[in-house]
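Engineer: Input: one structure, supplied below.
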Amino acid sequence: MEEVRVFPLTCAVQNYAWGKLGLDSEVAKLVLGGDPVAVVEEGKPYAELWMGAHPKGDAQIKDNRIAQTTLGEWIAHFPACLGSKVKDTFQGQLPFLFKVLSVNTALSIQAHPNRELAARLHAQFPEHYPDNNHKPEMAIALTRFEGLCGFRPAEEILGFLKSVPEFHALVGNEAAEELRCSVGNAVHTGQVLKKCFTRMMNCEKKVFVDQLNMLVKRVTEDGAAGKDTSSSIGDLLLRLHSQYPGDIGCFSIYFLNHMLLEPGQAMFLGANEPHAYLYGDCVECMACSDNTVRAGLTPKYIDVNTLCEMLNYTPAPASSKIFPCVQDASDPCVSLYDPPVPDFSVMRIQVPPSVKQYTVAPVDSASILLVIEGDAMATSVAALSDITLSRGTVLFVSANESVSLHVTCPSGMTMFRACCLL
């Protein structure tokens, strides 16, 4: 039924151990909102909701009047739904994967390769790097969201080398002095940061475990005595150590910016950008890939040498890592997060309570629409019938199709829409 080009989806839930439990998870709340008969188990982690056609989590088409059962199958049958530019550029594939994440415990010190490195890693180690695509991604906070992103300014790292002797012991006197002398020379600072970080990450396990245990003991005792432990980022250190005891990744907080995003704020994570998610709920969009290079705070495969070699070591303040959204010139309800990659863009749509009729405008790309808050009746000439929208509803909208909403919720609506704006 090619004439059907707008339809609801049932999306895959990933129950990774780091996810929030039960109804503490935004993922679980959205699943329950989108399907009132769904069962949410209180002690079970609900980590990710996958909205897209990725083989590991291909969304199910809700309407049984459509012959294909998954979004991937439907796109393969009707690739024109992608839009002509998207279809040609990405060889008939949906180029992005849209997600909701609910993070309870830290989610690995990691980075994603560029296309060239991704192809090489996939050829050499396909069991660890399952495809040859790059994986830029963007996280947009739904609740207060905590993470690590990019290398801190050298002055901040030098401050920790002075105030945290256990950290200094892992980096070493020579590398620490080189970093101090490099301040003011951006290129040289990046080179020295690589030396410092690589030296720490390659420490013998007994050495860094001993130093970490000494640091945790000192911070714990200082905290119990009522002393200020902020110069060691004590609260975060103890939290990470409780989640991953004896893990070298606990020391990464002294190299990487500690990010606190308020709802609606975003981080863009381009190729080779070191990062970790620590706590909170976010919408995430990424190129359709599963390539991640990890080196700490994870039980998964660790590839320290690749990570240390690939990273972007340009130091920058935390404020520079917040990715700005821009107001859509033609629609005051739309804020656009448009990263410097072709694979995806994300729109946040906030319909105020005063607006009862709203049109989701057509774009020259297939898109996926997620309802975060609010209720509406959706109509489209490209849909088999009217579609009831409520919290957790996920809608696939083919290229160049519009959807009219009759908003029934007195408090308005909040939605996110992923697409590819070439």
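A Cβ is built for glycine as well, from the same backbone N, Cα and C atoms used for every other residue.
These came from TrEMBL, pasted as-is:
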| type | residues | note |
| --- | --- | --- |
| DOMAIN | 6-153 | domain 'Phosphomannose isomerase type I catalytic' |
| BINDING | GLN110, HIS112, GLU137, HIS275 | Zn(2+) binding site |
| DOMAIN | 170-256 | domain 'Phosphomannose isomerase type I helical insertion' |
| ACT_SITE | ARG294 | active site |
| DOMAIN | 336-376 | domain 'Phosphomannose isomerase type I C-terminal' |
Engineer: Non-local Cβ contacts of GLU137 (Zn(2+) binding site) (under 8 Å, 6 or more apart, same chain)?
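Structural biologist: The list for GLU137 (Zn(2+) binding site) reads HIS112, PHE268, LEU269, GLU284, CYS285, MET286, ALA287, given in order along the sequence.
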Engineer: Counting across all protein chains present, how many other Cβ atoms fall within 10 Å of the Cβ of HIS275 (Zn(2+) binding site)?
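Structural biologist: The answer is 22.
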Engineer: With an 8 Å cut-off on Cβ distance to the GLN110, HIS112, GLU137, HIS275 Cβ center, who else from the chain surrounds the Zn(2+) site?
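Structural biologist: Result: ALA111, LYS135, LEU269, GLU273, THR292.
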Engineer: Going by DSSP, how much of the domain 'Phosphomannose isomerase type I helical insertion' (170-256) is helix, how much is strand and how much is coil, in residues?
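Structural biologist: Breakdown, helix to coil: 68 helix, 1 strand, 18 coil.
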Engineer: Return the residues near ARG294 (active site), defined as same-chain residues 6+ apart in sequence whose C-beta is under 8 angstroms from its C-beta, sorted by sequence, else 'none'.
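Structural biologist: Listed in sequence order, they are SER108, ILE109, GLN110, LYS300, TYR301, ILE302, ASP303, LEU307.
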Engineer: Taking 10 A as the limit, how many CB atoms besides its own sit near the CB of HIS112 (Zn(2+) binding site)?
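Structural biologist: Its Cβ has 25 other Cβ atoms within 10 Å.
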